[in-house]
């Protein structure tokens, strides 16, 4: 196959063959790609299921991210949702819409990225769909197995619980700002934007530790914790002092300052988006599991407080109008 | 809410609220929309899962199909894949990508169509995603429960089996041709194109009756039976005499003749596409279940024969280049 080939020249069936051949075997998949539907083991008698769409120009740019990165990110953000329920990621279904003139090498890179992130999360690809479209658009459904655990929802936080996070906060948004400004900044930031590395195993770990509420931080920490506050009818009180920015974030902020960026490390951590860290609430008496660190407490009231002040929610509205104050 | 509102004006969270409020309760859904992921019952300890993408201008046109029709079609084609495995449809996850200026009424109509088809199939919507995009693009994942049945794959057809179909063949493609030609033809055809009505219950019924192979006829009968022939390493021999076109199809063909259309009823039935009928093979000694009718037999050899001649596969390549001879 010529490297310069396009997916239109390959045709649907050859493209599907390339995207599905040599998939890693998985004990979770009883019937993989190639039939009307996949058959996946669900030993728990419950299946956890989540779907995300990624649209070129909105969720990724082909000039900022490689096909491999987009594949990794597509898998990562969906498996992070599974982990945030306390479940083990099992499989992905992947819908791939693309123009006929897309280089076949881009599809190959995307497929390799998906598989790399599947390997990191312990899952595999069980099926999907390939269609033509003017814009590269990727739909991913992730499934997971609770292994007997109670699913950790958003509505279980109780007054007095500790609020804690695990994973990288702020790096992805700072990385995006660096890329937008054309600044060659810390790879820890730009890499995190191109392919987040969610702490998958810490979702089930938190569930086992008694987490009362949990979610994947995807739209900005304050906005996402606002969902826990609203669903649980509590207030979440954070302190900026507890946020402890990573060194790479401090470095990125210093570099961005020169290009007129006014956001500081705490801003990126509180409202950045696309972190794919996990945030959860835990009963105060049991301490926190390893790799989780405390950022606040659950109080009576409503909304999210930062250093005692109600936080304006500056997260993402997904119709492309950027960060938006919704309250 | 003003009728003239757009989804951009509603914003992501209000749009999600409109798309998810008042969903019919379902015994299959343990946790519905609003958390990181849905939790769905899988009593069989296996889950059947399928995904399709629908792209505006490729799979539907807003001037030919109402939002309600697109919603019905999106649900139908996915639940048909579940039924074709011999499983009972349970839930959908629905990804909805659309421009901010899409009328909110279109999103409402789409949601209503999804729910109408869910009611027909016995499923419900358990989750999804809403994002911005330049083109309306819909991703649907359907899940289903095998209820203890062996999944009916494509690779089980045996020499001597009967080949049979149930559902409407050719009507959808004839309906599309009528719409393209601007001819006011039989509603049975144009309606079938706008919202196919797959015979969901006949999938599990066929499995219980011992079907050896089965699939959803979506890309044209000959092309799809070619998948069974290839996977099962057999030939499938059809006779046009057995196809028995519905009266509405004969009427549509007569009307289309005047606009220069050269395809006859058998052409639409053999290569039309988007039928969402079911085709299956059955052991010859057990007869056929109700509502299935025989169209051929499984023989030694390869490929699909029509009246003894190898059939050129004229089905769909999904990169938008239309019907295409692939063999």
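Glycine is no exception: its Cβ is also placed from the backbone N, Cα and C atoms.
Long-range Cβ contacts of residue A:81 (Mg(2+) 3 binding site) within its own chain (separation 6+, distance under 8 Å): A:50, A:52, A:142, A:216. Annotation source TrEMBL lists Mg(2+) 3 binding site at A:36, A:81, A:216.
Under the heading Mg(2+) 4 binding site, TrEMBL lists A:36, A:50, A:81. Residue A:50 (Mg(2+) 4 binding site) has a Cβ environment of 30 other Cβ atoms inside 10 Å.
In the three-state DSSP scheme, residue A:52 (Mg(2+) 2 binding site) is classed as strand. The number of other Cβ atoms within 10 Å of the Cβ belonging to residue A:52 (Mg(2+) 2 binding site), over all protein chains shown, comes to 23. Per TrEMBL, Mg(2+) 2 binding site is recorded for A:52, A:81.
Its Cβ placed at the centre, residue A:129 (Mg(2+) 1 binding site) has 23 other Cβ atoms within 10 Å. DSSP classifies residue A:129 (Mg(2+) 1 binding site) as strand under the three-state reduction. The annotation Mg(2+) 1 binding site is assigned in TrEMBL to A:52, A:129.
Around residue A:274 (substrate binding site), the same-chain residues at least 6 positions away in sequence with a Cβ under 8 Å from its Cβ are A:77, A:172, A:173, A:176, A:193, A:196, A:218. Residues or ranges marked as substrate binding site in TrEMBL: A:59, A:274, A:316.
The DSSP secondary structure for residue A:218 (ATP binding site) is coil. Look at TrEMBL and you will find A:128, A:129, A:154, A:218 tagged as ATP binding site.
Among the features that TrEMBL reports, Mg(2+) 5 binding site is placed at A:219.
Taken from TrEMBL, the feature domain 'PurM-like N-terminal' covers A:34-144. If you average pLDDT over the domain 'PurM-like N-terminal' (A:34-144) in this model, you get 95.
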Residue from A:36, A:154, A:219 whose C-alpha is spatially nearest that of residue A:129 (Mg(2+) 1 binding site), among the binding-site residues: A:36
CB within-chain contacts under 8 A for residue A:128 (ATP binding site), separation at least 6: A:19, A:33, A:92, A:93, A:94, A:95, A:96
Residues from the binding-site residues A:36, A:50, A:59, A:129, A:218 that lie close to chain B, Cβ under 8 Å, in sequence order: A:36, A:50, A:59, A:129
Cβ-Cβ neighbours of residue A:219 (Mg(2+) 5 binding site) (radius 10 Å): 23
Of the binding-site residues listed as A:36, A:154, A:219, the one whose CA lies nearest the CA of residue A:59 (substrate binding site): A:219
Nonlocal residues around residue A:154 (ATP binding site), in sequence order (Cβ under 8 Å, 6 or more apart): A:213, A:214, A:215, A:227, A:228, A:231, A:232
Between residue A:36 (Mg(2+) 3 binding site) and residue A:219 (Mg(2+) 5 binding site): CA-CA distance (Å): 34
